[in-house]
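Encoded as structure tokens, the structure appears first; notes follow it.
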Amino acid sequence: MEPGLQQAGSCGAPSPDPAMQVQPGSVASPWRSTRPWRSTSRSYFYLSTTALVCLVVAVAIILVLVVQKKDSTPNTTEKAPLKGGNCSEDLFCTLKSTPSKKSWAYLQVSKHLNNTKLSWNEDGTIHGLIYQDGNLIVQFPGLYFIVCQLQFLVQCSNHSVDLTLQLLINSKIKKQTLVTVCESGVQSKNIYQNLSQFLLHYLQVNSTISVRVDNFQYVDTNTFPLDNVLSVFLYSSSD
């Protein structure tokens, strides 16, 4: 072919548009475009699975701790000869479960009160103490915990009434509680009042423990007879 024709042929051939030129491998395939989404979904799956496993493990640990706590709780279902109403039963159970049972007592108030110094039923529970004429007499020296609870029933008239509860050691007041009821002067059928007092005191041998009230006629021995109690136990022995 002549040189002129070759030049014309080469000039007549359309040259490719630069905009239409695509580098090899630069065309994204549909499979290649979904790879980032798959990677993200896998990350979320692994994260949620790990969180679920941690939650299951935490619940299992909590259940194990609860079961161990229940197993370590002492069984206090032993039947007691005396049954109270509000807290006297719990107090009696606490006394029975004390580590030191060398000296303790649990007494209920007598229904036949005729003195400000209260008397107690002699058929109560007494260990290491002697009961005589309203007194508990100490037989072992040491630190004693004393608690008394009384229920009062007052029929108000036109004057106020003072209710007292006094804990005495060797006939001397060591702790007392005073409550005034019927202050308004308005007549009412019944007013129930609970008084309680406790004392932690070191006692020698032959020391006496007693309880005194000013108005013994208001001590309610009928409605809640089992809630009028005196409890004593040796907290710490000196021997």
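Any Cβ shown, glycine's included, is placed from N, Cα and C.
A disulfide bond in Swiss-Prot ties Cys156 to one cysteine from Cys93, Cys182, and that cysteine is Cys182. When the alpha carbons of Asn194 (N-linked glycosylation site) and Cys156 (disulfide bond) are compared, the span between them is 16 angstrom.
Comparing CA positions across the glycosylation sites Asn114, Asn158, Asn206, the one lying closest to Cys182 (disulfide bond) turns out to be Asn158. Asn114 (N-linked glycosylation site) is 21 Å away from Cys156 (disulfide bond) when you measure Cα to Cα.
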